[in-house]
Amino acid sequence: MEKSSDIELRLLIEAIYLKYSYDFRDYSGASVKRRVAHALRQFNCATISALQERVLHDPAAFMQLLQFLTIPVSEMFRDPSHFLAIRQEVVPLLKTYPSIKIWIAGCSTGEEVYSMAILLREEGLLERTIIYATDINPASLDKAKQGIFSLENVRAYTANYQQAGGQRSFADYYTAAYDYAIFDKTLRENVTFADHSLATDSVFSETQLISCRNVLIYFNKKLQDRAFGLFHESLCHRGFLVLGSKETLDFSAYSKQFEPLVKQERIYRKS
Amino acid sequence: MNDAAANPIRGIEAIVVGASAGGVEALLNIFGELPDTFGLPIIAVLHLPDERRSQLAQVFARRLRVPVREAQDKEVIQAGTVYFAGPGYHLSVEHDRSLSLSQEDRVHHSRPAIDYLFASAADTYGQGLLAILLTGANQDGARGLAHVKQSGGTTVVQDPKEARIAVMPLAAMAVCAPDHILPLSRIASLLASLESSPC
């Protein structure tokens, strides 16, 4: 017999989908369950049913809940060796294209976007690149557009940047103001930030490189395969797909459609 | 304190283990007697410094008779295999008996968190779960162990008198009455005895 709380959780996720078109139905269950439990405490709701009633009748409450359901954990040049591998193994091939389109799927608050933009600028590619940075959370996208990060975090990012093969002083890319680092706005001149869901939306452009890091771990296999399908459709012949350090195509229906370029760093190429 | 080793626990489908400071030695101790025919999955969280790649699985693989792997996202849980959580990600058990990784906030300064592994495994295996909490210097695992107990699973903590650091077992004993409080040698023989019990 299914537990009442599991039934309530399914109903909440279904209600969110029907009312707001945000589709968490194929997210990994354990993590969603914990995040809803956390939201219950923040909303002071005794049951998931009570939370459901609130979000169904109050769109503002839903937007609040969305902040708990999405996980904005990110950093710049996260996994420096990954960015070093992009610089060394992918950039020389990207340079052969007259113009480049890059899709950063699940860009959250923008750390990956600015990291990629800095790398491309140093490699002389940023001016001929368009970056599509997409996420389902409008609050995260707003933050990404601002490019303002806490100075305390930026100190850790500086070490990452250097280990990732950074060629300048990281401070060249931002202005410090009080406890914040405001990133150079020319880095995002060619960035289009957009609301896009890997669960419900379709492909919007042909791309040469797609970066989707630490997003797919929150999806079940079925939804992962949907995302891989979108990436496969969007990527040009021999395009690049880069994933998070614990994400793999190995268990996917698309494992044969891509080949590893730098397996250790989760850099794949469309076969 | 029941004599668990003399009365093998029946109906166990999976085992979860949590440890922190002093944990490597304790885990080597309790896994040391596992025969190569061991038929249950074991999933372990051992707190470690946040390095990107951990050697834990390799270290244990060299010393154990059962296969040892670092847990991969979406991997289907295999019987007779020991899985270790890698650094920097929480490890959970999904209802379809696969593993998943996530990066929610740290719990008691830890990611991976023992609480998350234990609670998610309890939700999946219910009374078929055996949870073991060992030495450690923080309180991670206590709530998870209580959740296992509430879900009908069997709970074991290392005897705090013997634990290198007793904070973790004592924290668990403060929030739930574990079914068994045992020294490592007895936990080892309890584990080894499980393989012969029918599911």
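Backbone N, Cα and C define each Cβ position, glycine as well.
For reference, TrEMBL has these:
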type	residues	note
ACT_SITE	B:Ser20	active site
ACT_SITE	B:His47	active site
ACT_SITE	B:Asp140	active site
DOMAIN	B:8-193	domain 'CheB-type methylesterase'
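Rounded to a whole value, the Cα-Cα separation of B:His47 (active site) and B:Ser20 (active site) is 5 Å. B:Asp140 (active site) has a Cβ environment of 30 other Cβ atoms inside 10 Å. The two recorded residues, B:Asp140 (active site) and B:Ser20 (active site), show a Cα separation of 9 Å. Around the Cβ of B:Ser20 (active site), the same chain contributes B:Leu46, B:His47, B:Ser110, B:Ile114, B:Thr135, B:Gly136, B:Ala137, B:Asn138, B:Asp140, B:Ile165, B:Met168, each under 8 angstroms and 6 or more positions distant in sequence. The Cβ neighbour count for B:His47 (active site), using a 10 Å radius over every protein chain in view, is 24.
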